Amino acid sequence: MIRRIGVLTSGGDAPGMNAAIRGVVRAALTEGLEVYGIYDGYQGLYEDRMEQLDRYSVSDVINRGGTFLGSARFPQFRDEAVRQVCVENMKRRGLDALVVIGGDGSYMGAKRLTEMGFPCIGLPGTIDNDVAGTDYTIGYFTALETVLEAIDRLRDTSSSHQRISIVEVMGRHCGDLTLAAAIAGGCEFIVLPEVPFSPEDLVCEIKAGIEKGKKHAIVAITELVCDVDELAKYIEKETGRETRATVLGHIQRGGSPVAYDRILASRMGAYSIELLQQGYGGRCVGIQNEKMVHHDIVDAIENMKRPFKGDWLDTAKKLF
């Protein structure tokens, strides 16, 4: 029987993580459970930095970006001896289960703890929207609004100077954030990690647009596809049009979460408590067709693939 649980946030922060923590804490307390907040992710778990949370611990956090528990990269967690210390710390504190909020790397940590006999539930918290088993991740919609605002502002200055603007968007190997922002922002060109990219082909498309009378353009590109500064130099050289690259960077992770992220995080947090009380461990929570779902965390990490929104890209191309 579950009586006391821990909750931590891990990996890159995402707007809505605080709402998720609040959902976990409030739902657990309603069911008569005790909750301990673990500071700075798996590193804090290893260092035994945790404290009991009550209803007031999560008051006035639903609107705050980031995570008040903190987060940290902790590669040492791959070491089984380090993980054993974490398990011993949780057992000494009387914890029966752990809720982990983060991306696929955080899920891997939860998987390893589950394999050591400690039940964990994973909640998808990342702006990249790259976690399998869920339509959307906590933080994605807030980041989308942040990127869209930046694109709108870039369009203002690009049109004034008849300039080509490249905007680099986060996402790692997933282009969901770039694609959605590009459609909403009316970007003329989209470069995604899921689609083979050729700078030469992009230049041809830009030149075709110029021949049709296009006086400015915005190229939305996901990070890590290429060096955007070098791409800007190449485009300017080949087209004769002033071209500038803007890397949005970590600004995409910040800010007060939008309504949908707050609702999603609250639902997922509460649902994690339902699963634990039903005896589940080694599961990850998702939302599919607006319904809460859960999957085996090993399956989500190793076997499930996020579907590429090819139909969205087809739509975007029709609108250029």
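Even glycines carry a Cβ here, placed using N, Cα and C.
Record note: Swiss-Prot gives Arg73, Phe74, Gly103, Asp104, Gly105, Ser106 as ATP-binding, and the candidate from Gly12, Gly16, Gly23, Gly32 in that site is Gly12. Among the recorded positions Arg22, Phe74, Ser106, Asp128, His216, the ones whose Cα is located within 10 Å of the Cα of Arg172 (substrate binding site) are Asp128.
Least packed by the Cβ count within 10 Å, out of the binding-site residues Ser59, Ser106, Thr126, is Ser59. The binding-site residues in question are Gly12, Gly186, and the one with the fewest Cβ neighbours inside 10 Å is Gly186.
The Cα atom of Gly105 (ATP binding site) lies nearest to that of Val25, taking the binding-site residues Val25, Ser59, Gly186, Lys212, His216 as the candidates. Taking every pair among Thr126, Ile127, Asp128, Arg163, Met170, Gly171, Arg172, Glu223, Arg244, His250, Ile251, Gln252, Arg253, the residues listed as contacting substrate, the largest Cα to Cα separation comes to 32 Å.
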